[in-house]
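*Asks:* To start, I am sharing the structure in question, which I have written as structure tokens.
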Amino acid sequence: MEEKRKGKVQTVLGLIEPDQLGITHMHEHIFINYLDFFLKPTDKEQSCCCVGHEDSDHKHVPLEDQKINIKNMHWVQYNYNKNLHNLQLDEEDVAISELELYKKCGGKTILDVTTEGIGRDPERCKRVSQKLNLNIVVGAGYYLEKTIGKLVSNTPVEDMEEKIVKQVLEGIDNTGIKAGIIGEVGCSYPLSANETKSLIASARAQKRTGASITIHPGRSTKSCSEILNVLKDNGADLTRVVMGHIDRTVHDLNIMLDIAKTGCVLEFDLFGMEISYYPFGGDVMGMASDNQRIDWIKSLIDAGYGKNIVISQDIYTKHRLVTYGGHGYHHILFNIVPRMLKHGITQENIDDMLINTPKRILTIV
């Protein structure tokens, strides 16, 4: 590892000083293609959930092919994996206008943790960063079995490790744009063989590059411990591991506390996702509200883990953008921070979640 990288943060525009990060959202997507997780609407949905959608020939437009609009907005919000338009963040002009709102509310840095298999686009991220003068950090590594299985089934873990290291030290896919974090590393529950290889490769790459790891756990309360055990067994520094989607995966404070005791960072990254129904299934019976997220965070802070928490929104669908009727990347800064302050969370606590802990995690060691 080049010595000049140590103590710096890697963005799409190059190395910066950690103090330049400011307010940081640790888990977002600016560009992503999530079509591999599309689920076709049922015939009943087609007949019961659609009003007045016809093409120029007056033929019914199926729900999955409709653009998001006022007539189908609630259905899309409730079934966000069943609309093809919704599952792609692919409009550069929209990304710029959305992130401009984030910047106006005080945001300085954002992580696009889109990884291998779901449409990572570092060159577009670089253009957005240049246009807005906004720090953007992109991720290295691999996503879930469904998207990487065919890519890595016959790939040795050593080759996967080398690819991650190259993405961090040399650049992603010959773009010259370097990743500043490993992940989000996709994990199911139980882990597939390919996902296990990906975790092992990520742990080894962490040691070689000085970059932290951010995790997409499986949809089970047992997933986090399984992942952390694999990482620990392969030499990862758990204090530089971010366990994402805690607010989707674990709804038991005692389990959250057990995870925090490992030293890893707990990421509450689904703020703004107020629909209780969870369409992807697994062991997840329902989604938390923002109030519940705030309650859990307050309890963790009271237990002494305030420096082990980061927050974000994990926007990966159009329906959560302001352009399409959603809350936008600025939701936490505009809506949640004031609520946290009223809830007894201090400004110092908020600075830890949005500035200090992200700075520690993103600083190369």
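A Cβ is built for glycine as well, from the same backbone N, Cα and C atoms used for every other residue.
Straight out of TrEMBL:
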type	residues	note
BINDING	HIS27, HIS29, GLU184, ASP314	divalent metal cation 1 binding site
BINDING	GLU184, HIS216, HIS245	divalent metal cation 2 binding site
*Asks:* Highest Cβ count within 10 Å among the binding-site residues HIS27, HIS29, HIS216, HIS245: which residue is it?
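*Replies:* Comparing the binding-site residues HIS27, HIS29, HIS216, HIS245, the most crowded Cβ belongs to HIS27.
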*Asks:* Would you identify which of the binding-site residues GLU184, ASP314 has the most other C-beta atoms lying within 10 angstroms of its C-beta?
*Replies:* GLU184
*Asks:* Whole-number Å only: compute the distance from the Cα of HIS29 (divalent metal cation 1 binding site) to the Cα of HIS245 (divalent metal cation 2 binding site).
*Replies:* 14
*Asks:* Which chain neighbours of the divalent metal cation 1 site, leaving out HIS27, HIS29, GLU184, ASP314, have a Cβ atom within 8 Å of the mean position of the site's Cβ atoms?
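*Replies:* These residues sit around the divalent metal cation 1 site: GLU28, LEU111, ASP112, VAL113, THR114, THR214, HIS216, GLY244, ASP269, SER312, ILE315, TYR316.
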*Asks:* Which residues, in sequence order, are found in the same chain with Cβ within 8 Å of the centroid defined by the Cβ atoms of GLU184, HIS216, HIS245 at the divalent metal cation 2 site, excluding those residues themselves?
*Replies:* HIS27, VAL113, GLY183, VAL185, GLY186, CYS187, THR214, ILE215, PRO217, GLY244, ASP269, ASP314
*Asks:* Using Cα coordinates, what distance in whole Å links HIS27 (divalent metal cation 1 binding site) and HIS245 (divalent metal cation 2 binding site)?
*Replies:* 9
*Asks:* According to DSSP, does HIS29 (divalent metal cation 1 binding site) fall in a helix, a strand, or coil?
*Replies:* coil
*Asks:* At the level of the C-alpha atoms, what whole-angstrom distance separates GLU184 (divalent metal cation 1 binding site) and HIS216 (divalent metal cation 2 binding site)?
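*Replies:* If we compare the Cα positions of GLU184 (divalent metal cation 1 binding site) and HIS216 (divalent metal cation 2 binding site), the gap is 6 Å.
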